[in-house]
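One structure is given below, encoded as structure tokens.
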Amino acid sequence: MTDVVVETKPAAARKRRVNVTGAAARVFARVGALPILLAIAVVVFAMLSPNFLTVDNLQSALRQNAYIAIIVLAQFVVLVAGGFDLSVGSITALVSVASATAMSDRLAAGSSPAEAIVIGLLIGLLVGLGAGAVNAVGIGMLKINPFIMTLATASIFAGLALKVTAGVPVSGLPADFSDVFGYSSWWGVSTPIWIAIAAAVVLWALLRWTRPGRNLYAVGSNPNAARLSGISPGRTMALAYMTSGVLVAVGALLLTARLQTGESNIGADLPLLSIAAAVIGGVSLRGGSGNVLNAVLGAVLLGLVTNGMNLARIESYYEMIVLGVVLAVAVLADRLRGRVAAAINAGRV
Amino acid sequence: MTHQIPALEMTGISKRFPGVVALDAVDFQLLQGETHVLFGENGAGKSTLISIMAGAASSDSGTVRLAGRETSLRNVADARRLGVSAVFQEFSLAPTLSVAENVVMGEQPSRAGVVSHRAVRELAHRRLGELGFEIPLDAPVETLTRAEQQMVEIAKAFRSDLKVLILDEPTASLNDTECERLYELVGDLNRRGVGVVYVTHRMGEIRRLADRVTVLRDGRYVTTVPGTTSSEELIRLMTGRVMDQIYPTIPPPTSTVALSAVGLTTRDQAVSDASFEVRKGEIVGFAGLMGSGKSHAARACAGVERLAAGHLELHGRRVTGASVAQSLRNRVVYLPPDRKSEGLLLNRPLRESVSLPWLGRYSWARTLVRRRSEQRDVADVLRMMKLSPPDPDRNAEAYSGGNQQKALLGRALLRECEVLLLDEPTVGVDVGARVSIYQRVADIAEGGAGVVIVSSDLPEVLHLCHRVYVFCQGRITAHLQGDEINEERVLQHMMHWDETEAVG
């Protein structure tokens, strides 16, 4: 009897230890690296700067990054369909100057601010849709490689934006525009955040509950299989780019409101930033996988890291370095997650 | 032969994966110059065993002897140095590099770290020459046919000091001429004393090539028998079942025509002037060599292939030129041969692959997906097909080939089909899964659908089909029914188009 007791004790202890790491592994496999990285970022920056973990700061960090989150959603849609969009930055610039020009022209022509804003918003959304449609035709119909096509349109749209404004920021926007879309808030949460949340929820619902949404995943996962099931990969891809164009326009309008001017030279870093955020959010570059929530969290993580480093007065050069490191770590962690999940499935943990 | 030292001898090889014993004290012996077939259902442990032989996996226990010397193969490079090379089903070629560069990859002749392209070409040329392969040295591998790629892969595995060559289902995607080349090569290698371990499901290959056959079942060694052992006996050894139990009894068809095709010619000319019909409750076989047009004919019926001439009728109604989507609405369903490239959404939950063609029917106003009923129906179908595990939310890529194929067939069970066109429904599928696939196909036919089976597997065509159309070079060269359906006749019409045309 005593022998047995002596024998089982270390075994039990070992078992308990295994269970702790096992539980950690299970959590990791379930939620992925992203929430963990987010938590690390929050803890680190809270220690570096006392101002980081305040409602005001977090709110302003999120507000400043709301437009990026929406553009990440735009990138996310085409990534899911198996595409790529390098023109999101140029579309942002084009929408910004087009809507700003429309608004300031209307205002100068004697329209009421409300009327000018509505027209500006419509023009902005239409320009986004049109830019998306150009990508859609090139990629969905003419079957041009997405990388090349959006590289080309990135140059074209940026050139157009510069041409329209001669490189000069468009000012003279209705004050209400930036008051409402840049700085107002509802129930204590600022409008850009609400709009980003709304965009995410709508997109989530579309992808999850509608057939076009499911088709997007199917085409991204295996275009041949989709075709044999009666889904047109070209048309689905075109839909993705048009949706993306509209989403970019929404983000661009928020940015314009925040800047209070139409800028032709904004958005250069958006293509890479949006792809990075989506990848950090676990979206596969090979298409067919990823979910809205994680893409948004990817954007939030990048936003918090930027904000935290600003508060901690870290030189902005380091910011670029840290962003690169975060991207690499996130991708590695995601691969590790795949292995851990496989090990759990196989009953090894 | 009996007294020589075996080229490779494995004793008591065990390999445990979490929750599964993949190999349980398996013995295997390969003589010099013999072709030794490894035979067993998917999951019997063949892949694990050859991975261990090739140094790609390690065993938990057991010993490996090469030419009598105990060795431990730590990795693939190790094994190759000792003269053991493997050609796995998944090629490891660099598609954009040339044939020459691929053949010598990993051992490029170089001086002071600089690769000499002339030396690379010479070495590759010599190696291909030794094997008697005629492949352009400078062609990028991606421009080659699958068979040529296979040859490059073999040339890569081949070294002058090769002792053991492992071939894992090497003919799965080769046509008959290409297979013939491969068989000749295996014979050549044997004559030079190279021992060949050959994994295959095909009975014909066993009869043609095998000196001996080792049968595995559920990770255990069953027995080793001579290559002349009858197919029935081999199948019994592999499954514990007899041959009659593999093919279900097929009820007689009705006389109502479900689908009829007249003068079908596809736009790419892969099929020309083909006329055939499928009745309700009938199973019709399309036999022929690869590239004979049998697959294209089936694809044309489902709107996958565009038509240049001819017309199609479904229950007497013209459906010529219907798109894939329209064909699906007419419940004409085509299931492709290649699960990975055309069939499944590999990185998505299996459910989505099964319901893919029917998503419109699972949607309110054809737009809003009714996820709950989709989930329920797919789960039912997966249970019916005895998938393991029957979990619709697991990614498709996590399932074995047999399970993937069952899931694909599940599409046809999700909705009643009028016409079901199955293209190579059992390629790379083990006997256990075959039995359940055949049974389902019989059920579907009995339920009143017209079924077309496009197959390169002759026994399948001979045993399952009421009637057989034989295709050759894009035309139907024979229409066989009843007693006319036998191996010789089908083969004859598959090969000798000129003769049959002279007869016709």
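Heads up, the Cβ atoms here are built off N, Cα and C, so glycines get one too.
Model, not experiment: these values are computed from the prediction.
Over in TrEMBL, the protein carries these features:
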TRANSMEM  A:36-55  transmembrane segment
TRANSMEM  A:67-96  transmembrane segment
TRANSMEM  A:116-140  transmembrane segment
TRANSMEM  A:147-166  transmembrane segment
TRANSMEM  A:186-207  transmembrane segment
TRANSMEM  A:238-260  transmembrane segment
TRANSMEM  A:266-285  transmembrane segment
TRANSMEM  A:292-310  transmembrane segment
TRANSMEM  A:316-333  transmembrane segment
Which of A:36-55, A:116-140, A:266-285, A:316-333 shares the most C-beta pairs under 8 angstroms with the transmembrane segment (A:147-166)? A:116-140
For the transmembrane segment (A:67-96) and the transmembrane segment (A:316-333), check the count of CB pairs under 8 Å (sequence separation 6 or more) and say whether it reaches 3 or more. no
With pairs 6 or more apart in sequence, are the transmembrane segment (A:186-207) and the transmembrane segment (A:266-285) linked by at least 3 Cβ pairs under 8 Å? no
The transmembrane segment (A:116-140) and the transmembrane segment (A:316-333): do they have three or more Cβ pairs under 8 Å, with pairs 6 or more apart in sequence? no
